[in-house]
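Peer 1: The structure follows.
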Amino acid sequence: MKLIINADDFGFTRAINYGIIDAHNLGVLTSTTLMVTMPAFEHAVDLSKKTPTLGIGLHLNLTLGKPLTNGATLVNEDGELIKPKFTTPEYPYNEEEVYQEFKAQYHRFTEFMKKKPSHLDSHLFSTDIYPVVTSAAKRLAEEIGIPLRNHDTKGFEHVEFMWEKPLEIPYGEYDNLDYIYDNAASILCYDYVEIMTHPGYLDTFILENSTFSTPRANELESLISPRMRQFLNENNVELISYHDIPKK
């Protein structure tokens, strides 16, 4: 089978960036998605240019930090993007404002990276949770000809998306990637699979702005561990990125 191991949150912080690069250079990570609105975005761009074998997509962000556009329905009274804990799936986002924000993020990606992203996905599953956001993201994906990876739109129809929830693992049962070994049969039965990860080193910004902190360091250790490499070799797993996937 062919496996994409993708890291979300490239550009979140310098510590996260270094962790993602180490997970690729020292381990089995093949792909990442870049957040263009976060403080360490340009640092991530610089690192990526020294790491041409790492596939890089765009991590559409509607839930953290400041937007690139002025959409009134996207922000709180402080001008910050609205965090999911203050919304519901029916939150009244304006679809055109969401589309324009995502389009601006795409253009910032291409301006700095000098290429198109390998694929689109979203921070905190916003393109899965909010129907209006899903519609705006699909519109952008169709316009630029780059598939959106989410649970329903099947932008990459060949790829099964794996993490704890689809495998029906109780939240918090694992704080590393050992669920891969424990659920190998449910993962290895497909031809193409993406495993979502969040590797990284920790810093103050992450500890103050992310509910997912210590497990990032644990996932990094898993990705660079001899055990993971041995597991993939023993099961004849071919590591690929989204550049290697047939498009619809």
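Glycine residues also receive a Cβ, built from the backbone N, Cα and C atoms like all the rest.
Residues or ranges marked as Mg(2+) binding site in Swiss-Prot (evidence: sequence analysis): HIS59, HIS123.
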Peer 1: If you count, for each of the binding-site residues HIS59, HIS123, the other Cβ atoms lying within 10 Å of its Cβ, which residue has the minimum?
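Peer 2: Checked HIS59, HIS123; of these binding-site residues, fewest Cβ neighbours within 10 Å: HIS123.
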Peer 1: Name the secondary structure element type, per DSSP in three states, that contains HIS123 (Mg(2+) binding site).
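Peer 2: Reduced to three states, the DSSP call for HIS123 (Mg(2+) binding site) is helix.
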